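J.: Here you go, one structure.
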Amino acid sequence: MGCHLSSYADRAGERILLAIQSGGTVPHPSSSSSSSSPPSSSTSAFCSINPSSRHIVERQPRMLNFRVDYRQRSVELVLEEGSTVGEIKQILETELGVPVSKMQLKGWKAGDVSDSTLLKSLHLPKNNSLYVLTPDIAPTASTSKNSALQESLNQNFLLVISHREAQRDYSLNFPGSRTIQEVKRNISDLTNIPVRHQQWEGWPASASDDSMTLAASGISYPCHHLSVCRRSSPANAQEPTEECADVHMISDSEGDDFEDASEFGVDDSEMFGMGSSSCRKSPMMPENSENEADALLHFTAEFSSRYGETHPMFFIGSLEAASQEAFYGKARDRKLLAIYLHNDDSVLSNVFCSQMMCADSIVSYLSQNFITWAWDVTKEANKARLLTMCTRHFGSVVTQTIRTYKTDQFPLLLVVMGKRTSNEVLNVIQGNTTVDELMMRLMGAMEIFTAQQQEDIKDEDEREAREMVKREQDEAYRLSLEADRKKREAQEREEAEQVRLEQMRKEQEEEKEAIRLSLEQALPPEPDEESGEQISKLRIRTPSGEFLERRFLGSCKLQVLFDFVASKGYPFEEFKLLTTFPRRIITQLDPGSTLLEAKLFPQETLFLEAKE
């Protein structure tokens, strides 16, 4: 089943990712995973270059996907858009064993390009299909009859079928794997001639069995001419008209088990024409389905059952989700939206689906450039629901346009392009078209879209550049603010620390001052020289060079001397008191001893020294 998946995780450091699959068709990254024939073998290889160190604001490189076909092999590549065409050829030379000098790389939208051309200059979409031609290298001798038949099964045969009664020619493309029976059924849908009533001219003698494939039937390649007319009724069977008298084959398929519909009062057009599809087939889409995704899953499964696995990859989801996927991503990744509207009551539906929608070229082109969404309008309820969705997303003009188409003009393929303010329907393709005309109209829509996309890419790049500059400026401003904030916080912390230290200093000074005052008040009065007691006169030199002089009673304790010195701002804990000669540290003596005992009588000169 066709299911849209979009998942590419491009990494900036990734240079090249190469995967090779041989012996079959490798599904494109954006195409259905199903395949009509399984690959015979597969190999894979990976090449990578370590990413260089880049600035955080540098744009990541855009990655491009390529599928390259060469004879029975396919190669898938993922490269940066900064790579050249020559780099692709060098990789292919390694993997395919084809010298670059003998390799012609085809499939570029811009025509032939040189090896030095940058992929970026070609303005390529994300997904691309290319093929290699080697006219100077003959196919290998290992190509057997079976491989030739297999190749024929994959070829497309152009059948030019002349409807003799209507005097009209149909040019129909069929894969070689299609059976003669399937061709006749398609002609039945086009001409309203039941298979059992068809008379053919032009089939080769080897095409004796309707179950044979076209590849094995012996018809001419690439084009074969046939003619068909209605077989005479039984009443006139013995008098065949001159027009249909000379026939090569009268269809004897399974339809012969039925009697002529006219014998039961049923018109052929009713049984095999306008209303036949709904009678013979299960509906493409259930009526009144609550979930759009479930309805699309049923549609895809039924489409695959009727027309094979080779068909466009139908988006599974609502019309709104499909529009979002197609229109609202990055400008480089946007696609056109193709809305396929199916109607089983239209005689053109089977041919359009089998011949147009399942043609390899159409399937590949739609998968590469479009998001394809489908809906079945056979039932009135489903048609009304579609019109409601179209009105909501595209406006009443599109809805009214769809209403004007009659049943026999279906199926329809609407090509929608997303714009900045609205969505525009570029083309409405009806069912009565050919593969070439369908491809031309799709390509015409793609040209319009590509021109608009280039403008959008330019605008987006300019906008991203402006946003990048703004982000850089915002980041620089943010870093500046952050630096200012940290600087301000550091300054505030420093100021707070200074205030704290100053406060501690003041508290310490106040504490020292309080202690000094208390010691000063607790000192005994200075004795008079004429008191008649033993008096010691001490002279104390401070670290600043000043001298402190005071008289003490010889019986005073050393603690009184220490308290006096501390009351002058030189506490015992920070300073030591010494004599000059002999040098003694008085503060190490017992504070309870007297001045007489310390031999500081009758007079002595001392000095203060800060403790280490």
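Backbone N, Cα and C atoms are what each Cβ position is placed from, and that goes for glycine too.
What TrEMBL says about a protein is an automatic prediction, not a curated fact.
Reproduced below are the annotations present in TrEMBL:
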type	residues	note
COMPBIAS	29-44	compositional bias 'Low complexity'
COMPBIAS	482-515	compositional bias 'Basic and acidic residues'
DOMAIN	64-133	domain 'Ubiquitin-like'
DOMAIN	531-608	domain 'UBX'
REGION	23-47	region 'Disordered'
REGION	482-537	region 'Disordered'
J.: Averaging the per-residue pLDDT over the domain 'UBX' (531-608), what integer do you get?
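T.: Result for the domain 'UBX' (531-608): average pLDDT 90.
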J.: Counting only residues 6+ away from its ends, which parts of the chain sit with a Cβ under 8 Å from the compositional bias 'Basic and acidic residues' (482-515)?
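T.: For the compositional bias 'Basic and acidic residues' (482-515), the far contacts come to 566, 569, 571.
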J.: Looking only at the domain 'Ubiquitin-like' (64-133), what are its DSSP counts of helix, strand and coil residues?
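T.: Split into helix, strand and coil, the domain 'Ubiquitin-like' (64-133) gives 19 helix, 27 strand, 24 coil.
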J.: Go ahead and report the DSSP secondary structure tallies for the domain 'UBX' (531-608): helix first, then strand, then coil.
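T.: Summed over the domain 'UBX' (531-608), the classes give 13 helix, 29 strand, 36 coil.
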